[in-house]
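Visitor: Have a look at this one before I ask anything.
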Amino acid sequence: MVAENQPGHIDQIKQTNAGAVYRLIDQLGPVSRIDLSRLAQLAPASITKIVREMLEAHLVQELEIKEAGNRGRPAVGLVVETEAWHYLSLRISRGEIFLALRDLSSKLVVEESQELALKDDLPLLDRIISHIDQFFIRHQKKLERLTSIAITLPGIIDTENGIVHRMPFYEDVKEMPLGEALEQHTGVPVYIQHDISAWTMAEALFGASRGARDVIQVVIDHNVGAGVITDGHLLHAGSSSLVEIGHTQVDPYGKRCYCGNHGCLETIASVDSILELAQLRLNQSMSSMLHGQPLTVDSLCQAALRGDLLAKDIITGVGAHVGRILAIMVNLFNPQKILIGSPLSKAADILFPVISDSIRQQALPAYSQHISVESTQFSNQGTMAGAALVKDAMYNGSLLIRLLQG
């Protein structure tokens, strides 16, 4: 039995080691082979073999390092080679699809958005494939070697098998085999992740939580959810990685949620619910500066910052409810920081202190007293979240090995 399993075990070790070496070169380059051996804790012979394969595949290149005062032969460092390797990053949201070409450094080559009707005679899968085909036709002169496709979207998703069980907004989606269909259509690997979880990964790799080992990221938008980074890794990355705080009950007598329950956090804290509440309460607050203008998240935040009592009360109410749920999560995960991704962050001076106070009042002091509550660096727009999926696939070696094999 051991002999039968041995080749697979060896392949996994090779993938893990190659990914670790690539990550070090990407993050620290130019870096010498000697330093790679020390940092990766691999034998010099192993480093030599891995680097040789990457050089032959044009995934890394050598660079002379000139050291001040050194008259001898310049040291040779390694850096990643990214410009000739592209991937498609795609994001599906309510009524819109974003498509972008990026190189392996995550640098944007071209990006555009197209309307994606919520209802159509054609199934959503067919329309997605059509948008991808047309995008490649429009930008074929800019396209280098296509390595992969990264897709982020809301819904209930089996990320490991690439199946979208359900999606909000697109009612015709049921057990959509998105990953398999696109891989067969394009011939490249497809990586799929919930948009909130992918955004959490992007912040950890490139943004506000870079370098932190334990992070909770909460998104308050049309939907409410959270992603968790624990010990440097996305929680449940291979399955349903979204933490469904939006469907945690906060009011048993509250409004019915689309999940079937009553009084979920999402029915109180989502952007749509907040604006609905503000509109309702405007009739009882004739002095509010929200009168006489379109009621939007921006106008609500601006009014709150200017001291409008109604706007402040609504935003602080959201903060208290979110903080109460976060206090439970803090007790479970003991994070270093909490990130908030929301259009309500325009009123961060009001929202964030309420969230912080709620956490400190209701979570264990040892876990909560040093936590910082900060805004995300990126917004949940565009295709940056998809870049995190490809970067992660290079770092864990799964995509890297495929590129090395040609």
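Glycine is treated like the rest: Cβ placed from N, Cα and C.
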Visitor: Looking at 33-42, 73-82, 123-132, I want to know which stretch Swiss-Prot calls DNA-binding region.
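Guide: That would be 33-42, the stretch labelled DNA-binding region in Swiss-Prot.
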Visitor: Tally every other Cβ atom lying within 10 Å of the Cβ atom of C264 (Zn(2+) binding site).
Guide: 26
Visitor: List, in sequence order, the residues of the same chain other than H247, C257, C259, C264 whose Cβ lies within 8 Å of the centroid of the Cβ atoms of the recorded Zn(2+) site.
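Guide: Other same-chain residues near the Zn(2+) site: G246, Q249, Y258, G260, N261, L265, E266, T267.
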Visitor: Give me the long-range Cβ neighbours of C257 (Zn(2+) binding site): same chain, 6+ apart, Cβ under 8 Å, in sequence order.
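Guide: Expected: H247, G263, C264, E266, T267.
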Visitor: Between H247, C259, which of the binding-site residues has its C-beta surrounded by the fewest other C-beta atoms within 10 Å?
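Guide: Per-residue Cβ counts within 10 Å for the binding-site residues H247, C259 bottom out at C259.
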Visitor: Looking only at DSSP and grouping its letters into three states, which state does H247 (Zn(2+) binding site) belong to?
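Guide: Helix, per DSSP.
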